[in-house]
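Feature annotations, reproduced from TrEMBL:
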type     : residues : note
TRANSMEM : 12-33    : transmembrane segment
TRANSMEM : 68-90    : transmembrane segment
TRANSMEM : 102-119  : transmembrane segment
TRANSMEM : 139-156  : transmembrane segment
TRANSMEM : 168-185  : transmembrane segment
TRANSMEM : 205-224  : transmembrane segment
TRANSMEM : 231-250  : transmembrane segment
TRANSMEM : 256-275  : transmembrane segment
Amino acid sequence: MTIAGRNRARLVAICIAALILILSLISFVGIVLNGNLDNSLVTGTKSAESSGITEFILSFLRNNYNGYAVLISILAFPFLSLGFLIFVYFTFKKTHAIEISFFAMFTLCISFESIRLVFPLYSFSNIVLDSIANLSRLVYFFRLAGIMSIFMAGIFANKIITRKISSVFFFIFFISFLICLSMPINNFYISRYFLSDIKAGHSYIYLFLIAALLACVNYFFVYITKNIKEYLFAALSLTGALIGYAVLLYASSYTLLGIGLALFILGNLSFIKYIHSYHIWQ
């Protein structure tokens, strides 16, 4: 794919992210005006077996739970997606960096976290059970596709496979679809993060964690094998960004929301900066 072709694809992604942002804002306003959130519905239970430190942390998170903090964290994703896509478009408009296309796909995928706004918008119980499972599975699909895109970005940084990336995107989405289709979704319960949980989902959690970890390790290996210091800082920046991403996904208070936003924004901006600083001289 040529630079002009990638620029056109990124413009399409920007338009999609902008449309998702508009729909998310409309949904957010509808939720707030209708008063569909009720923090009193969320209660915590004390575990007698928990250690003092663990119980303090858990009680801190429970006592500070705020449905609007969760709502804002979801709304932040389409804002961040659109902002990063625009930043990538202008930063790499004339620079050839194939792995940044996969990063752009990751930033587009995070905008689909706003699908979770459907649950509070329709007051949870008004949604058909099958639709609850399908919507939740769709959110997990874009999460996995985004993480897999970051993983493939690291592989392309090693220049070990073809530059025809369109077929690679189809492969990523196909694998993500098959995995998410196999997920046993609990459609009888919506968590306080406005999403159905995965039954016995430890194996899927490990899948997400390992894919994210390997994505960071890929960039570190580029530094080791090619002695490119920019990729060392890119690996560290990506690690911070993915930690912030995880915090944002499960932000249940304004404190966690602030920490997640800071890590995610600074990590991504730093990642883009170091990748661009290397490729601009190539």
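Here the Cβ of each residue, glycine as well, is placed from N, Cα and C on the backbone.
Automated prediction, rather than curation, is the source of TrEMBL annotations.
Quantities reported herein were computed from a predicted structural model and do not represent experimental measurements.
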Give residue numbers and ranges for long-range contacts of the transmembrane segment (205-224): same chain, 6 or more residues beyond its ends, CB-CB under 8 A.
143-144, 147-148, 150-151, 153-155, 157-158, 179, 231-232, 234-235, 238-239, 242
Counting only pairs at least 6 apart in sequence, do the transmembrane segment (256-275) and the transmembrane segment (168-185) share 3+ Cβ pairs under 8 Å?
no
Non-local residues, at least 6 beyond the ends, that sit with Cβ under 8 Å of the transmembrane segment (68-90):
7, 10-11, 13-14, 17-18, 20-21, 24-25, 28, 31, 37, 100, 103-104, 107-108, 110-111, 113-114, 116-117, 120, 192-194, 248-249, 251-254, 256-257, 260-261, 264-265, 268-269, 272
The transmembrane segment (168-185): which same-chain residues, six or more beyond its ends, come within Cβ distance under 8 Å?
105, 132-133, 136-138, 140-141, 144-145, 148-149, 152, 161-162, 196-201, 204, 207
